[in-house]
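Student: Pasting in a structure now, in structure tokens, and then I'll have a few things to ask.
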Amino acid sequence: MIGALARKLFGSANDRRVKGYQARVNAINALEPELAKLTDEQLKARTAEFKAQLAEGKTLDDILVPAFATVREASKRTLGQRHFDVQLIGGMVLHEGDIAEMKTGEGKTLVATLAVYLNALAGKGVHVVTVNDYLARRDAGWMSQIYGFLGLTTGVIVHGLDDAERKLAYACDITYGTNNEYGFDYLRDNMKYRLEDMVQRGHYFAIVDEVDSILIDEARTPLIISGPLDDRSDFYNTIDTFVPKLDKSDYDVDEKQRTVTLTEAGMEKIETLLRDAGQLKGESLYDVENVSVVHHINQALRAHTLFTRDKDYIVRDGEVVIIDEFTGRMMPGRRYSEGLHQALEAKEHVQVQPENQTLASITFQNYFRMYEKLAGMTGTAATEADELFDIYKLEVVEIPTNLPVARLDEDDEVYRTQQEKYAAILAEIERANSRLQPVLVGTASIEKSEVLAAYLKQHGYKQIDFGSERALDKLYAAARAGKPAKLFAVLNARFHEQEAYIVAEAGVPGAITIATNMAGRGTDIKLGGSLEMRIQQETAGITDETEKAAKIEQIKADIARFREIVLKAEETVEIEPAKGSKPAKTVVKPGGLYIIGSERHESRRIDNQLRGRSGRQGDPGRSKFFLSLEDDLMRIFGSDRLDSMLTRLGLKEGEAIIHPWINKALEKAQQKVEARNFDIRKNLLKFDNVQNDQRKVIFDQRVELMQDESVAETIADMRHAFIDDLVSKHVPEHAYAEQWDVAGLKEELKRVLDIELPVDEWAKEEGIADEELLKRIETHADERMAAKVGQWGPDVMRYVEKTILLQTLDHLWREHLVMLDHLRQVIGLRGYGQRDPLQEYKSEAFTLFEAMIAHLREAVTAQLMRVEIVPPEEQQPVLPPMQAHHANPTTGEDEMAFANVSLVPSSGAAPVPAEARNPNDPSTWGKVGRNEDCPCGSGKKYKHCHGRYA
């Protein structure tokens, strides 16, 4: 109460911050007449002037006002669009490294140009992050007109580019791309062996579009580069046959936590089935050697009980394709990890693909926190403001709309069953369609969108076939005639190719669009339809300019007329009076786009995103959610109380309860889920930070090694540290000479360093100390390496040392990642022993890291002491086969996006007959099998001789 009163008197913190920008907005506006008088060349020259001012010591803040004014003028001349005052405020928020929350249709894409241009003047590169390739291409092509006019270059990073194209795009002043592409490029760069092969040039400033989707929905899901393991398809198919043999009493399903566990009876049954199939090792299912089997049994159970076809995934062309729960889009190429995707393939009886091993990974949380400055834009971030500040130190600033929002958000209607709910939705669609009001129906899954589509078909509606040319002609013709066309479009993962087109035309009179959640986000729905989209579609192939101009005028007239029809599609409703009260009241509900939600999402933000599609730039609109007690949110989070309430109210079949209390109760349930998900993300981040700290050390060290012309000093330090550890192990400090393990030391020197030294003789010398012993061994090892340098020359040796060091580091780092994953999976059990799992994880991860570094010293020293160089020419080190993938934001399971990367061409050398090989000339050997005898005549296998480091 007191807080509300204070806000009334003094305004909220957000209001005060927005007011604080007004002086600079006024200053920018004051420059407008002056800049309007400049010629194009004079306006373009301002970029060089700004750069000169920065070089003289001015800051970006010092030149913000003239720079923003310059961008506004350039936009007017190139795009015909002028930044509103509120858009200038949005640009300042972005420049300050915060989140600008702007409603749909307020021009976020144009707002970004202000902060992008200003920060690009620093010459360090600005990254604009979008959610898909289509938006990256669209926004870059559109906004590059402003940047190009002002003398700045623009690049685009999308799937399918090679490294040379990526490097050029990153070298531009401004780079547009998707969050996945930026993250994968960072991981791939840190697997390269030469600096010149790296494509990114640093992380200075990023503006993230749809920031809530990327930094929250996908926050806990890592980007992963992986390599394939052995094929085990028969094993998965065998395991899959066991699940149908189980009864529901054999396992417990927890939908809230998305887990399934075997009961005691289920374990016994599975044990018997495994034993009969010859898959059980030892006596019990829970013997150590069966850990992997138990894991895959659980994954098969999850595949059958928690994952539903056409909701979580679809089967297309013999492949299981994941569906993104937030957008309803297909994610071709992405795969669940830990054997879950293989379990789904076995369940659906399609070809089981091999599993993968993690080679490198990073979460978006840790990737985006690397930027010196990070900012974001979205229409819905206020509900997650605490999390965005807590994790990313980003404040959410709500930017006022240019025109007041005129959308009517109605109370939810709650029905007992889904059948009743769908009947009510159908009736509402028919009423809206009769007055030509366009309707967008949001669904939570493909399955639900197709149930609704089936309902519409049963009642005489026809689905638009977007595969045919001019698919919307009938809809346009009906709108011109002022009659309902009874046509509908479905936008889900099955029809994602036409996504932008379907969404853009969802504002045509009489249009009915069924969309899975926020599919099509990033494309505005304009009342009357999209001028750009229709011109693109309807003038394609017209070469005569006069004919083309006439067609464009016809389209413009069409859209203006359609807009008027939609604005007038109001509904007049008479509200029945309560007994004994005044006569019935008449209410006029607005026209515009009508949003119908078919169920509530776990997150209020996703619901707000759906609502926000209507009411853009002051247009009228309305929204309403239709719910049932059988909906997932209601069923999992407390429908029992609502059910008993409806029973007490005597609610009949087909009747709904509509009351603000219901909305508040649902909002509280959503807040609980959001708080739980925030805690999960925060906890996961604490664990991921442990790996992230180690990742930064390794990646920074790799870059330093590549930058160094010679790593000889590093190699010598590693060799000396290893020898020191070896001597300390066998010759303990303060021990008597007779207590020394001389034989063990001599044996390890031979095994690791490949040198035989008279250590036993040295140990017998009078008064010899361990320091003297250490010094002699180091001297002999150094002389051995110096001889190799003398034999091959310093240039060759520098290359060999760097290559072996980087390759060994990468190999051990990959093994270390696997160890950390295994540790992470079991560390939670420490909580039962009253120990903090996070502290235990930190401690053990550090111990593993130290062990890896010690192993690195030994492995690099051993390889360099034994290496023999065969080829005369320099060869690139060969990277393992790699695939890029990312994890599902809803379930927390890894989805793997197979983007096969071949960074080094494979050798095409052919085998050469033994008699044609010269033992002293490796260039005559051709391709030698690893297990063949080495052609040099040593008697060793090739892999243990010249083939070891060739």
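If you go along the chain as it appears here, the first residue is 1 and each next one adds 1.
Placed from the backbone N, Cα and C atoms, the Cβ positions cover glycine too.
The ATP binding site annotation in Swiss-Prot covers Gln87, Gly105, Glu106, Gly107, Lys108, Thr109, Asp524, and the record cites sequence analysis as its basis. Here Swiss-Prot flags Cys934, Cys936, Cys945, His946 as Zn(2+) binding site, drawing on sequence analysis. Residues or ranges marked as region 'Disordered' by Swiss-Prot: 908-932.
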Student: Helix, strand or coil: which one is Thr109 (ATP binding site) in, per DSSP?
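Tutor: Going by the DSSP assignment, Thr109 (ATP binding site) falls within a helical segment, counted as helix.
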Student: Can you tell me the CA-to-CA distance separating Glu106 (ATP binding site) and Cys934 (Zn(2+) binding site), as a whole number of Å?
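Tutor: Just about 71 Å between their Cα atoms.
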Student: Other residues with Cβ within 8 Å of the Cβ centroid of Gln87, Gly105, Glu106, Gly107, Lys108, Thr109, Asp524 at the ATP site?
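Tutor: Nearby residues not in the site list: Met102, Thr104, Leu110, Val111.
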Student: Considering the binding-site residues Gln87, Thr109, which residue's Cβ sits among the greatest number of other Cβ atoms within 10 Å?
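Tutor: In terms of Cβ crowding, the pick is Gln87.
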Student: Looking only at C-alpha atoms, tell me how far Gly107 (ATP binding site) is from Cys934 (Zn(2+) binding site), rounded to the nearest Å.
Tutor: 68
Student: Out of Glu106, Asp524, which of the binding-site residues has the smallest number of neighbouring Cβ atoms within 10 Å?
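Tutor: With the binding-site residues Glu106, Asp524, fewest surrounding Cβ atoms within 10 Å: Asp524.
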Student: Could you check which of the binding-site residues (Gln87, Lys108, Asp524) sits closest to Cys936 (Zn(2+) binding site), going Cα to Cα?
Tutor: Lys108
Student: Tally every other Cβ atom lying within 10 Å of the Cβ atom of Gly105 (ATP binding site).
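Tutor: The answer is 21 other Cβ atoms.
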Student: Sequence gap of 6 or more, Cβ distance under 8 Å: name the residues on the same chain that satisfy this around Lys108 (ATP binding site), in order along the sequence.
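Tutor: Expected: Gly90, Ala100, Met102, Asp209, Met377, Thr378, Gly379.
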Student: When you measure from the Cβ of Cys936 (Zn(2+) binding site), how many other Cβ atoms are you left with inside 10 Å?
Tutor: 19
Student: To the nearest whole angstrom, state the Cα distance for the pair Asp524 (ATP binding site) and Cys934 (Zn(2+) binding site).
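Tutor: Roughly 67 Å, rounded to the nearest whole number.
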Student: Please report the number of other Cβ atoms within 10 Å of the Cβ of Cys934 (Zn(2+) binding site).
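Tutor: Other Cβ atoms found within 10 Å: 21.
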Student: Roughly how many Å lie between the Cα atoms of Gln87 (ATP binding site) and Cys934 (Zn(2+) binding site), rounded to a whole value?
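Tutor: Rounded to the nearest whole number, the Cα-Cα distance is 71 Å.
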Student: I'd like the Cβ neighbour count for Gly107 (ATP binding site), meaning other Cβ atoms within 10 Å of its Cβ, all protein chains included.
Tutor: 19
Student: Cys934 (Zn(2+) binding site) to Thr109 (ATP binding site): how many Å between their Cα atoms?
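Tutor: Pair distance, Cα basis, whole Å: 63 Å.
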Student: When DSSP states are folded down to helix, strand and coil, where does Gln87 (ATP binding site) land?
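Tutor: Where Gln87 (ATP binding site) sits, the three-state DSSP reduction gives helix.
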